[in-house]
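Novice: The following feature annotations were taken from TrEMBL:
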DOMAIN    B:157-344  domain 'ABC transmembrane type-1'
TRANSMEM  B:21-41  transmembrane segment
TRANSMEM  B:53-74  transmembrane segment
TRANSMEM  B:95-118  transmembrane segment
TRANSMEM  B:162-183  transmembrane segment
TRANSMEM  B:213-236  transmembrane segment
TRANSMEM  B:271-289  transmembrane segment
TRANSMEM  B:301-320  transmembrane segment
TRANSMEM  B:326-343  transmembrane segment
């Protein structure tokens with residue numbers, strides 16, 4: 001039984017844009033799956049359908065033996081809490097400390113009243129500090145999150161996602177706003193989480209050089225359809241042109 | 001270029017635009033006809049003191065306007081056509097050379113002239129010797145204020161400031177909660193919540209469109225003349241204004257943190273508390289202090305209709321034509337308003 005199983009999912013936005021057109025994917029436990037494709041090919045929509053930030057128009061997604069596309073209310077929130085997510089723009093809470101941001105990953109298991117008062121369990125606080133240590137930001141716990149650099153903010157976001165004890169980590173272009181060396185550092189943290197903590201990662205990426213370094217498997221989307229599925233080393237010149245168009249030239253970051 | 005594309009025979013859109021243009025022209029010309037006839041001809045030219053009115057007159061004007069508009073729609077003199085993009089303005093030429101624009105300017109001038117007449121603007125009255133003597137009398141009295149009532153004025157002013165403060169403080173929690181229901185981006189997701197949004201918006205707009213002065217009159221009948229009625233009036237108006245300002249702030253937030261909190265599996269209340277509130281708290285404080293500042297000023301005016309505080313005192317002395325006392329009150333009011341203005345500006349600058 002795969003960890004995640006998407007059956008023929010389609011997504012049409014209210015404005016008529018068809019972002020996904022019948023996609024089938026299976027994701028096994030422990031994979032580092034990278035999704036590639038042009039801007040607007042449906043990569044972000046696919047990730048947001050997995051944790052139901054967007055509802056699918058048709059098809060179904062089964063995650064961890066439950067049909068997440070059919071869940072509502074508390075049960076949906078519980079399912080979401082087992083799926084971490086990081087974003088291109090980091091999406092940290094402004095004007096709050098790094099520690100508060102990381103602790104917000106534990107909201108799903110904290111009673112509403114306690115969370116409004118900022119009362120997290122001692123266990124969660126220790127865990128938050130431990131995860132900050134893993135992403136190398138233990139010194140910054142009481143610094144305001146918006147005072148950190150882009151790469152540091154993304155690492156805070158990773159720690160926040162880890163607070164959820166996720167089975168899957170969704171990463172929506174996690175390095176698209178970062179410079180090349182910071183990109184590698186963030187990607188290395190994702191790899192570490194994947195290999196050492198055994199968290200399955202599904203990641204949208206733009207740069208093929210990053211894909212070849214970090215992915216264990218690649219899928220490619222084009223205009224909302226799955227056009228490639230395979231090992232990262234198998235993406236040759238021909239496939240590259242199919243995915244990105246005839247005129248595309250590969251740019252690499254090192 | 002775009003003008004050219006519109007000018008292509010896209011028949012249905014052109015038809016619609018032409019109909020809209022014609023209707024606009026009819027309205028504009030009806031207005032012009034009635035102003036020319038009632039104000040320019042009857043009141044000014046014939047100098048009639050009491051002008052009779054019958055509903056036939058606007059009807060005739062409407063008919064005349066329809067005829068005029070039907071003719072003008074074939075020319076370049078149609079203001080409606082210019083408004084709905086049916087006239088291509090020549091590139092590189094000032095738009096004031098287009099006949100439709102010139103015609104619109106003439107209408108504006110006509111309105112201004114009619115306005116001068118209706119407002120009874122008269123340099124003769126303004127500079128008449130008896131009038132100037134009166135002005136001198138009142139100004140000299142105002143400039144020699146009666147300091148005997150200083151303590152009373154001060155206590156009344158303090159009453160006004162407290163009244164404004166309580167009204168603002170009570171309005172904050174109400175507006176804080178209502179603002180979430182009045183924010184489009186949070187309420188658009190389901191039909192039921194959107195209906196609630198529309199209802200709250202409607203009542204808030206209604207409340208806001210009625211001046212606090214009118215609310216004060218209503219409440220002075222309800223709870224009696226005094227600071228309490230003034231406070232209630234300010235409270236109601238502040239709730240409506242703060243709800244609008246707060247909800248606009250909520251509508252302007254970044255979606256990112258909201259999305260991130262939703263993705264952690266947080267409860268909607270937690271999503272708002274962690275994803276929305278940190279983004280809006282500073283602008284909220286800034287608006288609220290500004291509101292208090294406005295409320296102090298409004299409280300003075302509301303006092304004039306019996307809302308208590310220094311305004312009521314001002315009204316009493318003004319009724320007795322005791323201008324020296326009025327002068328004292330004006331000084332106290334100006335000082336309070338200036339102080340509030342200064343303090344709120346300083347605090348808000350630090351909140352940025």
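Backbone N, Cα and C define each Cβ position, glycine as well.
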Novice: Which one, B:21-41, B:95-118, B:213-236, B:301-320, has the most C-beta pairs under 8 Å toward the transmembrane segment (B:53-74)?
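Specialist: By the under-8 Å Cβ criterion, the transmembrane segment (B:53-74) pairs most with B:21-41.
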Novice: Short question: most Cβ pairs under 8 Å with the transmembrane segment (B:326-343), which of B:21-41, B:95-118, B:301-320?
Specialist: B:301-320
Novice: Take the transmembrane segment (B:301-320) and find every residue of the same chain, 6 or more past its ends, with a Cβ under 8 Å from one of its Cβ atoms.
Specialist: 152-153, 156-157, 159-160, 163, 212-213, 216-217, 220, 225-231, 233-234, 326, 329-330, 332-333, 336
Novice: Within the same chain, where does the transmembrane segment (B:95-118) have neighbours whose Cβ lies under 8 angstroms from its own Cβ atoms, ignoring anything closer than 6 residues to its ends? I mean 6 or more beyond.
Specialist: 28, 31-32, 35-36, 39-40, 43-44, 75-79, 81-82, 87, 89
Novice: Under 8 Å between C-beta atoms and at least six residues away from its ends: which parts of the chain pack against the transmembrane segment (B:21-41)?
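Specialist: Those are 51, 53, 57-58, 61-62, 64-66, 68-70, 72-73, 78-81, 83-84, 86, 107, 110-111, 113-114, 117-118, in sequence order.
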